[in-house]
């Protein structure tokens, strides 16, 4: 009984895939060896393989691909509303990115999980620059100070670490589901419970029609983010991922461990954390996949295959922001 109390107090309850052992009265975390999908040469799933204007609705591993027309929003609301869920949303606003927070939050208040309890977690190196946007009932904003990065690549690489630590220290007590989004984005249409799942990925808008040999995976075997030729399902965007808070913890911690291993070997993956995210999703398949309507790019015209855009990155001067 004493040991159970110690575990409950010092280690998050959501570590079902970990071994916990008592050693000199200190708890240690040991991650179980992962059970990745074995390397195999199987046909690439193609989002538009049915018809040019119709999206694939199911992955080869039987995960639904969510897009307009694949769900009944009213029915899902009746199913999820009685569960009294709280959904968390993280975003990072360091340096010049603080200017995106107001529009991000205002659009989220209009479209993100309307009718549900929501907790926004904004990580920033300048708390005074974060505007206080009016929030609806049951919706809360937490501004969490983090050290400012010395360069943009460092900010990208530390995101997984910060999210996993935040879940351990706080979020696991406050939310049931957690989405991790980029702040230089905006909601355009309703984003609701159709997106909830154990582990959720979003298909990158730049590669949803591309063959996988064109995906910008990390191709150097020395990196833990390495993906071999002939492997890959979809190319996922780093701007959107989420799921049950326990699974998001495991996912972000796994990515962070890969990033640390690369750093120890003096290597940085081609697209920093997005490379590690794609490697992780290849071996730990998402249980739900969001179509590009949940992660569009404002610089691109809307294709006929997407009936509407729910969430998109903003057209901006990226070089200036990252300088």
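In case you wondered, yes, glycine gets a Cβ from its N, Cα and C as well.
TrEMBL lists 274 with the feature active site, nucleophile.
In the shown protein chains, 23 other C-beta atoms lie within 10 A of the C-beta of residue 97 (UDP-N-acetyl-alpha-D-galactosamine binding site). Marked as UDP-N-acetyl-alpha-D-galactosamine binding site by TrEMBL: 97.
Classification of residue 184 (Mn(2+) binding site) by DSSP places it in coil, neither helical nor stranded. With a 10 A radius on its CB, residue 184 (Mn(2+) binding site) counts 22 other CB atoms from all the protein chains. The annotation Mn(2+) binding site is assigned in TrEMBL to 184.
Each residue contributes its Cα atom, and for residue 184 (Mn(2+) binding site) and residue 97 (UDP-N-acetyl-alpha-D-galactosamine binding site) those atoms are 7 Å apart.
Taking only the Cα positions, the spacing between residue 274 (active site, nucleophile) and residue 97 (UDP-N-acetyl-alpha-D-galactosamine binding site) is 19 angstrom. Residue 274 (active site, nucleophile): 22 other CB atoms within 10 A of its CB, across all protein chains.
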